[in-house]
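Scroll down for the structure; my scribbles are underneath it.
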Amino acid sequence: MSNQQVTLTQFIIEQQRGLPDASGTFTLLLNNIVTACKQISHRVNCGALIGVLGSAESENVQGEVQKKLDIITNDIMVKALDWSGSLGGMASEEINDPIKIPKQYPKGKYLVLFDPLDGSSNIDINMTVGTIFSILRCREGIEPETEDFLRRGTEQVCAGFVLYGPSTMLVLTTGNGVNGFTLDQDVGEFILTHCNMKIPEESSEFAINMSNQRFWEPPVKRYIDECVAGEDGPRGKNFNMRWVASLVAEVYRILNRGGVFLYPHDLRDPSKPGKLRLMYEANPMAFIIEQAGGLCTTGRERILDLKPNSIHQRVPLILGSKNEVERIIAYHQQD
Ligand code: AFP
């Protein structure tokens, strides 16, 4: 590791110095999240060698079949965080109710909400997956109830994700821009490699699951039809398409080269306003995307402004390059 490289530890400590009333609790919490993600990275990288692939033959609160790694990674996150004295409680995609801090541990002033393994349907085919987390402040000295978690995305103090891809990367914001860190596997440290990430405002790349096309609402149909029409259509230029089926991979691509991601409201199941979950997928990604100069919307409302009504609430999610998302919003307004 050359001496001009900035480690995540140094980066966080230097940020903490900028906060006169910082107690170091947040720094410890973030360090514990990162330690958990390094452990998850190892398990993901070992894959079939340690028998962690395949189905766990169980369902999560979402009614989705859990992969073995969904459960393993959830347990890694909980065990890495519950003892730290920095948390009042946690919420996980894999667990129905808020996770209480065991009585033998002190409670703290933060709440963490996470998807321990986003994109897990990709794990058995060795495609990129990730961990997404969101950090809120918590009223101290209380046993947090569900209501304490249901805070708007604008109240997040931190959001990040770790991408388990060809390299393991951490993308992080605390409200002062977005920075990317690459895990140096030899040293076991995340190194600052992508300073102040900014999303290009223009783009010619969209990401959507086209197999749901017959269920889309008119504004989304119109936007995608125009992209597909390319230079022969109203956009007058050709577009490219990607669909990794892993939100973390799509967002990281968009942070690097722009683009737009859509998992819109579809008419398949009217009881489900979307597929992605607000509290531990849409909100943290919206914080990151906006901090990088992009936009994040349901098509009709800014994601970060939504008042949550349940921890596992689903929402339509459209995010990415400012000019493209503004166009999609305009199409919804004209609908
Ligand atoms: P899984 O974690 O169940 O694989 O879902 C991943 C995800 O929530 C998100 O990461 C993807 O963008 C989206 O679902 C993919 O959904 P489809 O499988 O319907 O394309």
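For all residues, glycine too, the Cβ spot is worked out from N, Cα and C.
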>> Quick check: of Lys38, Lys272, Lys275, which does TrEMBL put in the same substrate site as Asp118, Gly119, Ser120, Ser121, Asn209?
In response: Lys275
> Per TrEMBL, which one of Glu93, Glu140 shares the Mg(2+) 1 site with Asp115, Leu117?
Replying inline: Glu93
>> Suppose a student reads TrEMBL and sees Asp115, Asp118 listed for Mg(2+) 2. Which of Glu226, Glu231, Glu250, Glu281 should they find annotated at that same site?
In response: Glu281
>> Given the binding-site residues Glu93, Asp115, Ser121, Asn209, Lys275, find the one whose Cα is closest in space to the Cα of Glu281 (Mg(2+) 2 binding site).
In response: Asp115
>> Does any of Glu93, Asp115, Leu117 have a Cβ within less than 6 Å of an atom of ligand 1? These are the binding-site residues; tell me which, or none.
In response: none
> At the Cα level, what's the spacing in Å between Asn209 (substrate binding site) and Leu117 (Mg(2+) 1 binding site), rounded?
Replying inline: 20
>> Return the residues near Asp115 (Mg(2+) 1 binding site) by Cβ distance under 8 Å, restricted to its own chain and a separation of at least 6 in sequence.
In response: Ser92, Glu93, Thr131, Ile132, Phe133, Arg277, Tyr280, Glu281
>> For a three-state summary based on DSSP, what are the helix, strand and coil counts in the domain 'Fructose-1-6-bisphosphatase class 1 C-terminal' (199-332)?
In response: 60 helix, 24 strand, 50 coil
> Within 10 Å of the Cβ of Asp118 (Mg(2+) 2 binding site), how many other Cβ atoms are there?
Replying inline: 29
> For the binding-site residues listed here, Ser120, Ser121, Asn209, which shows the highest count of neighbouring CB atoms within 10 A?
Replying inline: Ser120
